[in-house]
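Read through the structure below, which is laid out as structure tokens, and then see the notes.
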Amino acid sequence: MNEIHQPLARRVWRSNVDEEMARMAECLKRFPLIAFDTEYPGIIFRTYFDSSSDECYRAMKGNVENTKLIQCGFTLFNAKGEIGGVWEINFSNFGDPSDTRNELSIEFLRRHGLDLQKIRDEGVDMFGYGFFPKLMTVFRSQKHVEFVTFQGAYDFAYFLSILNHGKLPETHGEFATEVVKVFGQVYDTKVMAGFCEGLGEHLGLSKLAQLLQITRVGRAHHAGSDSLMTALVFIKLKHVYEDSRFARGLIYGIGKSNLVAAPAPAPVPEPTLPLMCQQNVASYPVFHNGYVQNYEQPQLVSYDPSGAPWAFCNATGTYVQLTHLPASTFAYPSQTPSATVDYLGPVPNYYNNNACYVVE
């Protein structure tokens with residue numbers, strides 16, 4: 001696949017929204033995978049490295065409920081990696097002097113070419129037009145669709161907030177339930193990249209696409225172009241995992257142990273991409289400092305004379321085989337720390353508290 005020939009985003013305004021909605025509905029019949037991205041006026045309520053999961057969710061809820069969406073981008077594609085179309089919807093609702101915003105974020109968007117005045121003058125009134133309810137009617141007209149994001153917590157949150165008259169659920173557990181109820185099967189490419197050695201969760205979308213040798217079409221930080229990059233990254237990462245069910249329902253970006261329910265991870269096949277994307281299949285990933293991720297205590301990994309991996313548990317001062325580590329060692333931390341598991345598949349190379357968020 002040659003990304004240079006991927007389509008430019010179709011820009012949607014008040015004047016052509018009906019035509020483009022019909023075009024999108026027709027395209028969806030053959031391209032049922034939906035990558036999407038949002039652009040919004042920045043973060044007002046911030047969290048810190050040691051913020052709890054509840055604090056992280058409350059901050060996101062406050063940010064989403066108190067700001068207005070500027071753009072939403074959608075790329076429709078299929079399991080073969082073929083792109084059906086790219087749409088960039090501009091919304092007129094942001095722009096009043098009283099609208100909450102982060103001025104640094106607004107200047108950032110302007111520097112990347114967003115014409116906020118044109119969007120204000122010619123964009124779609126998302127509430128007056130009822131864009132998102134109509135869009136969900138289009139999506140639900142198909143029996144099976146899947147949604148793909150990059151660091152998608154805020155993307156899903158804005159979508160849900162608009163559908164729910166500006167409000168999000170009170171808890172992250174209720175939020176997860178709503179995501180499953182409304183969207184069904186969801187994937188986050190930042191989570192998927194965290195399973196690939198040499199990629200990891202520190203990468204932004206543009207850098208990740210560059211490492212995967214994907215050529216950008218359009219400008220970064222425009223919702224249409226970013227949704228296309230998200231789709232192309234997903235297609236490339238699917239080459240690593242023939243069965244991507246292990247990443248289904250994981251959303252990146254809301255705290256460090258946002259577990260709602262942890263299904264048994266699906267088996268992950270051997271990868272087919274270069275070493276840069278090889279998985280840590282044989283054991284838990286060993287970071288450069290010799291530690292394995294654990295939200296409670298880091299675990300020092302060593303090997304016995306036969307080469308079998310063992311882990312020194314700082315909490316107990318004893319050695320245990322990796323196959324019998326507490327479930328809290330996993331990216332899917334257990335509600336019961338004493339539980340044991342036998343899964344030796346890959347876990348994300350996460351280094352900070354923005355771990356994946358399980359929504360199924």
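Cβ from N, Cα, C; glycine included.
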Fill in: Site-mate of Asp37, Glu39, Asp226 for divalent metal cation in Swiss-Prot, selected among Asp99, Asp115, Asp121, Asp155
Asp155
Discussion item. List every residue in the same chain as Glu39 (divalent metal cation binding site), at least 6 positions away in sequence, whose Cβ is under 8 Å from its Cβ.
Written reply: Leu69, Ile70, Gln71, Cys72, Gly73, Leu109, Leu114, His221, His222, Ala223, Asp226
Discussion item. Can you tell me how many other Cβ atoms are located within 10 Å of the Cβ belonging to Asp226 (divalent metal cation binding site)?
Written reply: 30
Discussion item. What is the set of residues, excluding Asp37, Glu39, Asp155, Asp226, whose C-beta falls within 8 angstroms of the centroid of the C-beta atoms at the divalent metal cation site?
Written reply: Phe36, Thr38, Gln71, Cys72, Gly73, Phe150, Ala223, Ser227, Thr230
